[in-house]
Amino acid sequence: MLEARNAELEASHAKHEASHDALEARNAQLVASNAELQRELQKCQVAYKDLQMHVAAQKEAEEGKKAEEEVETVTTKSKGRKRKAETQYHTRKASKAVATISFRSRESTKFADESLTVQQMAEEEQLSLVPSTAGVTLKPSQTKEGSGTLSTSKDSYQKMTVEKLRALLKERGLMVKGKKDELIARLRGK
């Protein structure tokens, strides 16, 4: 009986040793896995610090840009005011020129043979503003009798809509970028 009990204890002891060996092997695996996780954690911490520095640099750059944009906005507003003042000056100047055209057209209608319409006077005035290129001379278009655009007074131009005036200018090739409103003002006699 003692031998049976001894054999039983040895078997139990062998089982515990096998279990112990398995636990040691598992412990060794966990230690290796822990070391690998520690290395990855250190890499992630370094990457996180780099990311924080990058985000901080971007914030500083954005704040710098905002400050620059505020300065640009202030500058643009002041330039806009200057531009508006210049436009008003040029508009006044153009209205004086239209007054002289209107005066000339009234004089010229006294003579039936030499009369020019207000439209032709405006075209001639515009041709003096458009620089000739490569020796090409521009001539005002002649108005046919009975055409829809024939006018003997500035009153008919004052009744024309802006669209009709722009279409007329495009038709005659006088539409110059930035000058169309000035031309319309001249044609209307304002």
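Here, residue 1 is simply the first one shown, and the rest follow in order.
Backbone N, Cα and C atoms are what each Cβ position is placed from, and that goes for glycine too.
Pulled from TrEMBL, these are the features on record:
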{"type": "COMPBIAS", "residues": "78-94", "note": "compositional bias 'Basic residues'"}
{"type": "DOMAIN", "residues": "157-190", "note": "domain 'SAP'"}
{"type": "REGION", "residues": "1-22", "note": "region 'Disordered'"}
{"type": "REGION", "residues": "60-94", "note": "region 'Disordered'"}
{"type": "REGION", "residues": "131-156", "note": "region 'Disordered'"}
Using DSSP, break the region 'Disordered' (1-22) down into helix, strand and coil residues and give each count.
21 helix, 0 strand, 1 coil
Integer mean pLDDT for the domain 'SAP' (157-190):
66
